[in-house]
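Asks: Let me begin by handing over the structure; questions about it come next.
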Amino acid sequence: MKFEDRILNKSIPEWKFYNINYEKLKVAIKKVTAYDYDNPNDSGMEKLLNQCSVAFDQEFQNVNLFVSLKIKEISTRILSVESSIIDFSKGLNKTSRNRFNLRKLKIINAHVDDCNFELQLLSRFLIIQRIALRKLFKKLLNEFPQDSENPLTASEYVTSIRNSESLRNGHEGISFMKLDLDPYLLEVSLIVDVLHDLENKLEDATEPAVEQRSLNRSDESAHTSSSPEANNSSLPASPRSIPLLSNKKTSKMIDSSLEFDTALIDKAENLGRFLLSSEDIEGLKFMLLNIGFRIIDDSIISTSKEILDTTDNINSAGNKSIRSAKSFNDLQHTLSLSKQKNILPSAVQSNEKYVSISILDTVGNEGSPLLLTDDNINQHPNMIVSSTAEDTCIVMCHVGGLRNHVVTNDLLLRDVKNILSAMRSGNDTKNISALINSLDPSPISKIALEWIQSHRLKTIEPKLDFKRTRFISADNGDIYLIALDESITIGNVSTLPFPILEIKKLSRSSGLSQTAINEDNKFKQLMKSVVTNEFQCSLIPPDLTTWKICLELVHSNELQNDLFQLLLRDQYKLNSDDSLSPDEFFQLGKDRLEEEFDLTGPINNSQGSVDSGRRVRIHKKSKQSDNETKKKPIRYWNEFDEQEEDNLDNAFYIDTNGSRSTTDNEESLLLRNSPPDYGFILFSRNFINRTYDFCEKLRNLIRHDKKTSPDLFQNSKHPHCSSTNYGSVASFGSQSTSASYDDVQRYLQYQQQDIEDSQSIYEYRHDEVVTFLYLSALLTSCIMASVCLGIVLSLFRGQSNNEIDLEIQNILIAIIIISLLVSLILICACLLLLFSRFTLAPIWHYVGCFTMFFSVTGTVCYGMIEIFF
């Protein structure tokens, strides 16, 4: 498919007429590149270049005009929402119904969602325009003619277009190439935080009101219960994409960037790590806001709290100073003019705060850190996480053992640097210990500092610096953390060309298996949103953490190609000289993402065949070769196998997902995954077991079977019980015999239960129950058809139809018709049940069932003919 058609397919349908006219610019470029110097009829080269520049300039002006108007429209709506929040905050202290206030919040939240959705569409629109322009520039650079009559080079001409007034400054200072939507993202996130805090404030105000209402007189309470205020327990969830959080406990567990980063590297379970295309960063951020995630930013959190704290001051300031406030910024300016305390901060600044990671290792491991060879250390290495804007830091030490690692965030960065500097200077151990004790650290912090001291750890190169955007969402008691790391710089030398998206979960249950991760509803919703919005991303293997990727690529000369080789080495066979383009790499990532999480992306023919346009042939590694390289589980002398010798390679463990051992959930899942039932009629396992037990009880009742054979252990127990024992030794022996008997009985019960739960026993019971059902249906159908046939013959053949005079003739005919139809349904169900067995039935079952089927069918047809004709 042509590139211009791909632009139309990817663009927003309502805005497709505002896209860059790719076809028009391509024709202008083609005239320049196809210039024939030998043809005197062709126009001059300079004229063609001017025409091409004018065409570019016109398209830039059109796109810039639309973007300028759209961003101003969104800004106006955001200011209107902020003004509504200010008015709402001013009226909170007045007497008003909480249900009415919550409804107002819901309406404001709907407008916020509209603004966020418009920003997401605008982000997608800008990405499409930038891709189209980059494609056009690439075409110019590759096909630009060079001749003595045209001394201008391709790069110079493209640079002149890039530096044009319409592209640099845009329309009224807004250019689609330079427009940054991050400030709008922070502003929307601030509004969402204020709405959450206002909702929590309303809920807190409702609780004492309910207590006071319970102390009122009975007539007043009766009147109150009938009023709308009594039914304000909760409003239905907002149908919009940005929900109002009602769970205050989960939303306040992590309320700072420091706590977020601590939880991210400490107790959070990894759900997935992805390499994201740089073009989809802004769109992904707005999409996360749409599906209920909130941004964790210290400036936003502090601003939200201070806005709520100013409610009383706003009310006391008078209408004169508040009347003209149209936004949070105007409100702060108005309050400063009235010489009040500077209680509201200025606009939420998008000042770039970078996160730094310094890896700690022992002396001599600078060239090959331990985390490159040990995956346990790789997941929780010795490192220091700090921020450029704060003096606090996070220290993590891999101590091993049951604790595995310790993490602390109550140390100052300068104190940790002083200790590391003292160790490098060769200070005495006692002096360093005294320095540690002088800090008065917490127990965990002291363990971390003493670990650094005892193992003589020091910072190694390279140092990692990156910009981090944090998102959080609470769902069913679980907290989901998303970290988007951009501009990852490796030792101030090189920068990763793509950001890394990391998704983790603070779960109530630890140790998530891969099956549990893939079945996580929130994570699955997130992955579906990524595929639906056509974001380009690729799943990173779990063993490749951000710091390991950077350490692997620290000496790379071709960073992008080596990064692709590193991420694909476990799934695909690539030669060292193979070079993938970003589109090819992310297409492979999309295929794996859909396969890994059982997702189906939108049908997009614009992508074309992946293999058809690929410059490098890629062969996927077979899973069999991967399984062969895995180590077999270690067997010990006291392990016994009760399975067949050829089952699971004589392994004691049930080895699933390539792990050394399995959890109880995985074993139960493996046992539940029985061979599928392909019968015509399917039954639940519970129904089969209950029906079989009922049939057994009925059979025993008919045969008058009784349990006449006592247990072997019960017979052997009576002689010991009948004999008289004296003394403590005899008494102890009697008690131990009784205890061992109970243990054996319980063991036999468990063993019997395991046997009954096995697949072979279930198949046997299934066939027995199905046999009982189809034989019963066969017998019932034959009896009903025979009785109906006798009645029909006696009524319609015994005498003439005109002589039949019965008062209940119509009722009798209806009963006969219904009985014939029921017998036909039963005989059909009999055949379906016959072919629903796991094993083949005896041959006489098939002969008898088919014979009776044709007989009953003929009887039904004959009866219907006699009745109606």
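Glycine too: its Cβ is placed from the backbone N, Cα and C atoms.
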Asks: To which residue among SER96, SER316, SER509, SER722 does Swiss-Prot attach the annotation phosphoserine?
Replies: SER316
Asks: Where does the phosphoserine label fall among SER257, SER529, SER760, going by Swiss-Prot?
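Replies: Swiss-Prot records phosphoserine at SER760.
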Asks: Looking at phosphoserine as annotated by Swiss-Prot, pick the matching residue from SER75, SER241, SER278.
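Replies: Swiss-Prot records phosphoserine at SER241.
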Asks: According to Swiss-Prot, one residue in SER238, SER442, SER581 is annotated as phosphoserine; name it.
Replies: SER238
Asks: Looking at SER336, SER668, SER736, which residue has the phosphoserine feature per Swiss-Prot?
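Replies: Record lookup in Swiss-Prot returns phosphoserine for SER668.
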Asks: Which residue among SER277, SER327, SER350 does Swiss-Prot mark as phosphoserine?
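Replies: The residue tagged phosphoserine by Swiss-Prot is SER327.
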Asks: Say a student had to find the phosphoserine annotation in Swiss-Prot: which of SER148, SER218, SER510, SER612 would be the correct pick?
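Replies: Looking at Swiss-Prot, the phosphoserine feature maps to SER612.
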Asks: DSSP helix, strand and coil counts for the topological domain 'Cytoplasmic' (832-848)?
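Replies: Breakdown, helix to coil: 9 helix, 0 strand, 8 coil.
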Asks: SER760 (phosphoserine) has how many other Cβ neighbours within 10 Å of its own Cβ?
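Replies: That number is 9.
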